[in-house]
Amino acid sequence: MGAGKTVVGQKVAQELGLKFVDADEEIEKTAGVAISEIFSKKGEACFRDLETKVLESLRDSTNLVLATGGGMVLRPENVKMLKQLGSLVLLWAEPSVIFERIINETHRPLLKVSDPKVEIAKIINYRQPIYQQAADFVVDTSGLGVDEVAEKVVNYISRRSAS
């Protein structure tokens, strides 16, 4: 959420000559409606089920960069499938940075609350240990541009591929 997964993922895929897949876009294609509508009409559990289905559909994929929603790693089976696809890179940012990045975005269902800043901190604090345990590589995107973050990820993947 607001760490730059999609734009950095696109840049990394371009740099490495790989296909880019955005899990949220795939979920919307599968469901035929926007994510915000899935949340409002069917709830978060339905959305998480769709995340898992999208991952299952990519199981045999190779040579791709997959940008996932921040909650993708909340299910252990998703982490297992992500690890089977390749390296799991966590793009991280401080809650205050995330708030500034997404303050004007209206499509984020988990932030349709009275105090989004508090909600972001709550979500990040809950997810942080899960992210840290799941990730193979972590980049703090706070204060960095897209190119700088993408370069760190490309360098990591290149080093990992060389070994």
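Cβ atoms are placed via backbone N, Cα and C, with glycine included.
Annotations in TrEMBL come from automatic prediction, not curation.
For reference, TrEMBL has these:
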BINDING   G2, A3, G4, K5, T6, V7, R108  ATP binding site
BINDING   T6  Mg(2+) binding site
BINDING   D24, R48, G70, R127  substrate binding site
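Known features from TrEMBL, placed on the structure.
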residue : record                 : CB count, 10 Å
G4      : ATP binding site       : 21
K5      : ATP binding site       : 24
T6      : ATP binding site       : 17
V7      : ATP binding site       : 13
D24     : substrate binding site : 20
R48     : substrate binding site : 16
G70     : substrate binding site : 18
R127    : substrate binding site : 17
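Restricting the binding-site residues D24, R48, R127 to those with a CA within 10 Å of the CA of K5 (ATP binding site) leaves an empty set. Per Cα geometry, T6 is the residue among the binding-site residues G4, T6, V7 nearest to D24 (substrate binding site).
Looking at the residues that bind substrate per the record, D24, R48, G70, R127, the two CA atoms farthest apart are separated by 18 Å. Secondary structure at K5 (ATP binding site), taken from DSSP and collapsed to helix, strand or coil, is helix. When the binding-site residues R48, G70, R127 are ranked by how far their Cα is from the Cα of V7 (ATP binding site), G70 comes first.
The secondary structure of G70 (substrate binding site), as reduced to three states from DSSP, is coil rather than helix or strand.
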